[in-house]
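Trainee: Just lifted these from TrEMBL, have a look:
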DOMAIN    A:79-126  domain 'NADH-Ubiquinone oxidoreductase (complex I) chain 5 N-terminal'
DOMAIN    A:143-444  domain 'NADH:quinone oxidoreductase/Mrp antiporter transmembrane'
TRANSMEM  A:37-57  transmembrane segment
TRANSMEM  A:95-113  transmembrane segment
TRANSMEM  A:125-141  transmembrane segment
TRANSMEM  A:179-199  transmembrane segment
TRANSMEM  A:220-241  transmembrane segment
TRANSMEM  A:253-274  transmembrane segment
TRANSMEM  A:286-306  transmembrane segment
TRANSMEM  A:326-350  transmembrane segment
TRANSMEM  A:362-378  transmembrane segment
TRANSMEM  A:398-417  transmembrane segment
TRANSMEM  A:429-453  transmembrane segment
TRANSMEM  A:473-492  transmembrane segment
Amino acid sequence: MDILFDNLPGLLIAIPLLGAFLTPLLSRAGDSVRNTWVLIITGLSSVCGLLVASRVLETGTIVYTFGVNTVSNIIPPDSGGIPIRIIFTIDPMNAFMLIIAAIVGFCITLYSVSSMEKLSGKDGFFTLVLLLIAGVYGMIATGDLFNFFVFLEISSLAGAALVAYRIDKGVAAEAGLKYAALSTIGGMLFLVGVGLLFAQYNSLNMAVIADRMQLTGLDIIAFVLFFTALAMKCGAVPMHFWTPDSYAMAPSAITAFLVVSSQASLYALFRVCFTLYGGQINPLTVGWVIIILGILSMFIGVTMAIPQKDVKRLMAYHAVSQTGYMLLGVGVGLAALSSTCLSQSIGIMALKGGLFHIMNHALYKGLLFLTAGVIFYRCGTRNLNQLGGLGHNMKWTMVFFMIGALAIAGIPPFNGFASKLMIYESTFLFNPLLAVIAMVVSILTLASFVKVFHSMFMGPKLPEYEDVKEAPTPMLIAMGILAILVVLFGIFPQQVVDALVAPAASALIDYQGYITAVLGGA
Amino acid sequence: MIDNLPFLVVAITILLGLYAILLRKDLIKMIMGISLLESGVNLFLIALGYRWDSIAPIFTGAPSLAMVMPTVQALTLTSIVIGVATLALLLSMVMIIYRYYRTTDVREVTKLQG
Amino acid sequence: MIDSFTLSTGFGAWNAVFWVIAFVIACIIGWLIWSRGEKTYDSSGGATAPFLSGNKEPEKAAVHIRAGNLYWGYTDALSGYYRFIKPFHTGNLSDYFLAYLFVTALVLIVVVVLK
């Protein structure tokens, strides 16, 4: 039993990968066998993720080395003090992201088992879903730059293939092409950055590089390559163009997980800024670059969302806008922590707000995309101009949509309000103008979701949707889990902040701790 | 000077790739540009690990000379595999797009906009 | 007990439990008022039908205001802004690449200059 627990971080990747490649084989035995298999695999990997996270939060950073007998043998004695193997470093920040991926990953599989029921080509679909989940877990858990690149590419390729899975007269293929091509370019430039660092520091391990970082000219180029590649992958304006295209065309469950995959890139962006270049790069400059990207994302995202007619495209623009909040919070955190005239608590609070918003966004945006998926599943259209009066027949979907919409608009007592409050208050002390923009964006978000709510659910029953049915039970359960979490996180925010967010924030700031955890007390 | 020749080739390949990606209007040619970019990056990694007058990193019965860095070669191998997968995916998507749109001109493949 | 659920933001505080309690109390009051209402009222007599100055009620589909007609005033007032921002979203893959590389160059310049 102990050996199982010691190897949990490895199983995190192994279970979904194994599951993915056995899925086409098992689907020969029939649909129900495959569905059970996929559910078991995602359930197991989610449990695995949650267990790893809880262990990390209890006992501190886990460093897992692949291919050694004793798990603690991170640095081979004959290697001169360098970890030469691939290692997974899971500190409370990674644990925080793992929890998000575990929850959303399970919900989307449960949802797609039901939503894919009538469609063909399910073996490929579920194989790709499991690969996407494995890729995202890997991106979150890895402590090795090249390994990160590999998982980034796995998740981008699986994501792009899933975006284009329902060809939809070629339009989905167009979206998939845009996503795949941009991800590839981003990945390649990221790899150039990895090469630049490897050439100087002779290592691919993040902790070793962070320890030896000199900030030469090449390091700055590498930093910019990492920074923009990851900012592009998380959909920051003005590199957000792929986001509405691919989020709108992907099957809804996939979109909900693509949000998590974007946030894994966002996590890596923070890891690069805080840990890899911790204490080296000018925090004020980088902080303000992140803040400006965040403000642009928030404002342009929400204003582009309001006139949209496709409900999922509208929500995708909101995803861009909400990413802006996270960038704003963490950017303010980075800038304020380095400032001598502001108190440290402002920076830490902004950082906590930004990180808490990542978790909240994954939950409510996942919920919203799933409700949009239900609408598409039952009515066959995503065009808001053709929808109406669905509230009479789809009561649960309407309730879930309301919860998600109120949460994204930052209406108390839902979780979006708690994290936005933390961002507003700390940002206001840092720079009042930023807080004002953030609040205006929040109001515009509410306005646009009022529009969506009205045009989908309100009004009299339309003749064409006279006998539209409520969503199937598995889809309702998947949405219900997310909705309950949205409400619970909203009512008890302090508990969540204390248990998950605060350790993550302090782990992100403490780059020395990250280095020490891997290299020992050297 | 001659040591830096591989890096010059890398720079030229990457710039050619970027040129094709940014200025060509045909999707197939843009994907060729992406492929060139990948080759440039792979060559960059290999060039990083190369040491003059050294032998391949095979320890069995090796003379005690300096060896070429093996890590980057492993990285390049992985990166080539990823590159093949990406290329296949991109080209198959272009095929599907051509089947429905009857064009591979990037200016025409804009049904998703606004 | 309730105080332990207060989210302390360092500069202010927020407690959602009070909000929920207030909501529940409001619901109870609403239910009390509703339960004291007239129980013999019959809604089938057409008393709830809309009265449009004596005109006939239009078809249900015609009553619903579609999404395209919402926020016309907002988009019209901001049409200058939208005329500026919409052309950036061309849907052209070359422009996507261009934006990405442009930002890379810009961030590089900023980070190098303000090192």
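Cβ atoms are placed via backbone N, Cα and C, with glycine included.
Annotations in TrEMBL come from automatic prediction, not curation.
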Trainee: Which sequence positions outside the transmembrane segment (A:125-141), separated from its termini by at least 6 residues, show Cβ-Cβ distances below 8 Å to it?
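Mentor: Residues 9, 12-13, 16-17, 19-21, 23-24, 27, 34, 38, 41-42, 45, 49, 52, 88-90, 94, 97-98, 101, 105, 108-109, 112, 116, 147-148, 150-159, 161-162, 165, 251, 253-254, 257, 260-261, 264-265, 267-268 contact the transmembrane segment (A:125-141) from elsewhere in the chain.
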Trainee: Sort out the residues at least 6 away from either end of the transmembrane segment (A:398-417), same chain, that have Cβ-Cβ distances under 8 Å to it, and list them.
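Mentor: For the transmembrane segment (A:398-417), the far contacts come to 318, 322, 357, 360-361, 363-365, 367-368, 370-371, 390-391, 442, 445-446, 449, 452-453, 456-457, 479-480, 482-483, 485-487, 489-491, 493.
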Trainee: Any residues 6+ beyond the ends of the transmembrane segment (A:326-350) with a Cβ under 8 Å from its own?
Mentor: 236, 263, 266, 270, 273-274, 283-284, 286-291, 293-295, 297-298, 357-358, 361, 419, 422-423, 425-427, 429-431, 434, 438, 505-506, 509
Trainee: Which sequence-distant residues neighbour the transmembrane segment (A:362-378)? Criterion: at least 6 residues beyond either end, Cβ under 8 Å.
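Mentor: Same-chain contacts beyond the ends: 100, 103-104, 107-108, 111, 115, 247, 251-253, 255-257, 259-260, 263, 311-312, 315, 318-319, 322, 387, 390, 394, 397, 400-401, 403-405, 407-408, 414-416, 456, 468-469, 471, 475, 478-479, 482-483, 485-486, 489.
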Trainee: Short question: which residues 6 or more past the ends of the transmembrane segment (A:473-492) have a Cβ under 8 Å from it?
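Mentor: That would be 103-104, 106-108, 110-111, 113-115, 359-360, 363-364, 366-367, 370-371, 373-374, 377, 396-397, 399-400, 403-404, 407, 412-418.
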Trainee: Counting Cβ pairs under 8 Å to the transmembrane segment (A:95-113), which of A:37-57, A:179-199, A:220-241, A:253-274, A:286-306 comes out on top?
Mentor: A:37-57
